[in-house]
Amino acid sequence: MVFWEGYVSDELMGTFAPIVLYWVYAGFYHLLPPLEKYRLHTMKDEEKKNLVPFSTVVKGVLLQQLVQAIVALFLLTTTTNASGVIVQPSMPKQILQIVIAMFVMDTWQYFVHRYMHQNKFLYRHIHSQHHRLVVPYAIGALYNHPIEGLLLDTVGGAISFLVSGMTARTAVIFFCFAVVKTVDDHCGLWLPGNIFHLLFQNNTAYHDIHHQLQGLKYNYSQPFFSIWDRLLGTYMPFNLVKRPGGGFEARLAKE
């Protein structure tokens, strides 16, 4: 039994809950005061280094989410039992399905992401759009070229859903979790007690390294683990040090 049962179908929740949660969680970060003592980059750096205006970022994210919603609604409704009766798996099985989906999504995103960096044409015309945000921030987490959004996130999510065998109801949990994790990885803040920083080595500072010029060819893994970076030699260790003027800085351990 879930709180939306009887009000909204699992298919609609799986489609729109992650989108709503994206704007709620990213909006929360956006509305926070500057919090300079927790920032990985100063506000001045964000304004100076980023190459795209905020309004363009919002429009780009909304476009990607429109495509995601269409694909998700189609996928979730067409994989539903024709009788409409869904037997929800046991909790241990759902947890296993979510872990499988996490690994599948990480695998897909690592290799597609890495190839978009290695192929000069794809990087110049598609993936470089995301890197116009040299200093990442929460609302820009899904700011990508539409083709990249389709290939990396939408297709990756669809494959994760299908391979794991999860139901639409379990998918609500998985995709909401993936969205929150992705937003947090781009938030640019190293807040005390952040559970994602405690549980995942692939976190805000880890991904910040990838957005730095010296780290472009490292730390491709996203959004959950760092397994593929470590196995395939693209892991870049870093040190998190305090900035003299306040805040933190993720510094490459080797250059």
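Each residue, glycine too, has its Cβ placed from N, Cα and C.
Some features that TrEMBL has for this protein:
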type     : residues : note
TRANSMEM : 12-32    : transmembrane segment
TRANSMEM : 52-75    : transmembrane segment
TRANSMEM : 95-112   : transmembrane segment
DOMAIN   : 99-234   : domain 'Fatty acid hydroxylase'
TRANSMEM : 133-152  : transmembrane segment
TRANSMEM : 158-180  : transmembrane segment
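Here the domain 'Fatty acid hydroxylase' (99-234) is broken down by DSSP into helix, strand and coil counts: 95 helix, 1 strand, 40 coil. The average pLDDT the prediction assigns to the domain 'Fatty acid hydroxylase' (99-234) is 95. With a cut-off of 8 Å between Cβ atoms, the residues of this chain six or more beyond the transmembrane segment (95-112) that come close are 89, 151-153, 155-157, 159-161, 163-166, 170, 173-174, 177-178, 220-225, 227-229.
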